[in-house]
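Undergrad: Residues annotated as domain 'Gla' in Swiss-Prot: 41-85. Sequence annotations record features per position, and here Swiss-Prot assigns 4-carboxyglutamate to Glu46, Glu47, Glu54, Glu56, Glu59, Glu60, Glu65, Glu66, Glu69, Glu72, Glu79. Taken from Swiss-Prot, the feature domain 'EGF-like 1' applies to 86-122, supported by sequence analysis. Look at Swiss-Prot and you will find Asp103 tagged as (3R)-3-hydroxyaspartate. Marked as domain 'EGF-like 2' by Swiss-Prot: 125-165. Annotated region 'O-glycosylated at one site' per Swiss-Prot: 183-203, 476-485, in sequence order. The annotation O-linked glycosylation site is assigned in Swiss-Prot to Thr199, Thr211 on the grounds of experimental evidence. Annotation source Swiss-Prot lists N-linked glycosylation site at Asn221, Asn231. Taken from Swiss-Prot, the feature domain 'Peptidase S1' covers 235-467, and the record attributes it to sequence analysis.
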Amino acid sequence: MGRPLHLVLLSASLAGLLLLGESLFIRREQANNILARVTRANSFLEEMKKGHLERECMEETCSYEEAREVFEDSDKTNEFWNKYKDGDQCETSPCQNQGKCKDGLGEYTCTCLEGFEGKNCELFTRKLCSLDNGDCDQFCHEEQNSVVCSCARGYTLADNGKACIPTGPYPCGKQTLERRKRSVAQATSSSGEAPDSITWKPYDAADLDPTENPFDLLDFNQTQPERGDNNLTRIVGGQECKDGECPWQALLINEENEGFCGGTILSEFYILTAAHCLYQAKRFKVRVGDRNTEQEEGGEAVHEVEVVIKHNRFTKETYDFDIAVLRLKTPITFRMNVAPACLPERDWAESTLMTQKTGIVSGFGRTHEKGRQSTRLKMLEVPYVDRNSCKLSSSFIITQNMFCAGYDTKQEDACQGDSGGPHVTRFKDTYFVTGIVSWGEGCARKGKYGIYTKVTAFLKWIDRSMKTRGLPKAKSHAPEVITSSPLK
């Protein structure tokens with residue numbers, strides 16, 4: 001009887017334990033929630049939220065590495081760290097002229113807007129000559145980080161220190177009448193630049209040996225062998241000069257009243273031409289204001305030559321130093337179709353003027369290599385050619401006193417009869433003498449260019465020559481011929 005009772009009691013106990021087990025054990029998901037780690041409040045940087053970084057770093061000391069772990073970006077970390085470590089260097093707004101300031105450790109950097117430079121963007125580069133010619137109308141020079149403008153002869157500097165005001169009715173370098181339609185000359189860009197390889201070395205042909213005698217009287221009737229028709233330069237192509245478009249053009253005429261060379265009017269008494277032209281006629285005169293050699297238009301005038309000044313280093317074999325100045329017996333009266341071209345300043349000309357894309361050449365030369373002389377004055381826009389291409393194209397020596405201009409394939413060029421004539425370059429509606437038509441291999445031949453005397457190499461020489469009055473009169477009625485190499 002006792003054993004059955006024990007079995008009943010044991011079964012009841014086990015059933016109770018099973019019921020109690022349901023309250024002692026929970027499911028795995030519930031257990032994981034209970035045992036999960038609770039995030040510590042205000043734990044150090046590796047546990048902080050990004051938005052609380054600056055607040056937390058003010059309460060405790062941060063390291064760069066800890067800040068980098070939060071931002072996960074070097075630029076953002078550096079931006080915060082520079083200010084956090086030593087303060088904001090840009091707080092005082094040190095950058096001028098709307099420059100953007102960037103803070104650094106113990107320093108700052110300014111990113112300047114275009115046209116400004118310097119530590120604080122305080123320098124206005126647009127005023128310097130390398131940009132927009134310093135806003136100068138003509139010559140631009142830099143002195144102590146500022147621009148100094150100046151003008152050619154016949155102009156005065158305006159009160160604003162930039163503009164050039166003519167002092168007379170026919171100033172140099174101005175066309176005496178603007179064409180109604182856009183001309184070739186007007187189409188010449190004054191902002192375009194020549195090829196990057198064009199460089200002009202600092203050289204002046206007037207810097208000669210001081211022991212040389214600057215003046216020697218020569219026999220004007222002496223003749224000299226020519227280089228040959230195919231090499232004498234020389235307008236093929238181009239267009240006619242309209243009224244007032246080429247007023248600086250002069251024409252050298254022989255005893256038969258035939259034009260044989262050109263020239264450039266420099267002033268009322270002086271004409272610039274090529275030295276090799278002096279040996280193509282025993283006697284000659286200078287005609288100005290001519291646009292049509294077969295028709296008188298009323299503005300033409302003929303002047304006798306009083307003194308001929310030829311560079312004494314002119315070499316007939318190479319045509320080096322191919323330059324001469326003529327002094328007239330009577331002054332030129334400036335008017336429609338008769339006005340001088342401007343002489344530039346050398347440094348400005350080589351850095352600014354001769355880096356333009358094109359120049360203008362004019363003359364009465366042949367219209368093609370074996371053709372007749374043109375009876376009408378023509379003009380042609382010719383691009384400057386980089387020196388390396390110039391030298392490679394020529395069968396003859398290209399000296400430092402020469403430069404190339406023209407087209408290697410286009411059938412446009414100067415030609416026989418244009419020699420000595422003007423090569424001018426336009427800058428802001430003023431034309432400056434940059435070359436003298438000298439020579440070339442044929443006319444408009446493929447792969448060949450026109451060769452010009454580089455006037456910028458002779459500006460001192462020209463200035464000295466224009467101050468020369470000549471030697472005592474010779475008995476001959478022919479003009480004096482002086483070989484001149486003015487000293488430095």
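Note that Cβ sites are derived from N, Cα and C of the backbone, with glycine treated the same way.
Tell me about the setting of these features in this model.
TA: The average pLDDT for the domain 'Gla' (41-85) in the predicted structure is 62.
For Glu65 (4-carboxyglutamate), the number of other Cβ atoms no farther than 10 Å from its own Cβ, over all displayed protein chains, is 10.
Within 10 Å of the C-beta atom of Glu79 (4-carboxyglutamate) sit 14 other C-beta atoms, taking all shown protein chains into account.
Long-range Cβ contacts of the domain 'EGF-like 1' (86-122) within its own chain (Cβ-Cβ under 8 Å, at least 6 residues beyond either end) map to 79, 131.
A strand conformation is recorded for Asp103 ((3R)-3-hydroxyaspartate) in the three-state DSSP classification. Counted within 10 Å of its Cβ, the other Cβ atoms near Asp103 ((3R)-3-hydroxyaspartate) come to 19, all protein chains included.
For the domain 'EGF-like 2' (125-165), the list of distant contacts is 115-117, 171-173, 267, 340, 342-345, 347-348, 351-352, 427-428, 430, 432: same-chain residues at least six beyond its ends, Cβ to Cβ under 8 Å.
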Undergrad: DSSP helix, strand and coil counts for the domain 'EGF-like 2' (125-165)?
TA: 7 helix, 15 strand, 19 coil
Undergrad: Cα distance, Glu79 (4-carboxyglutamate) to Asp103 ((3R)-3-hydroxyaspartate), nearest Å?
TA: 7
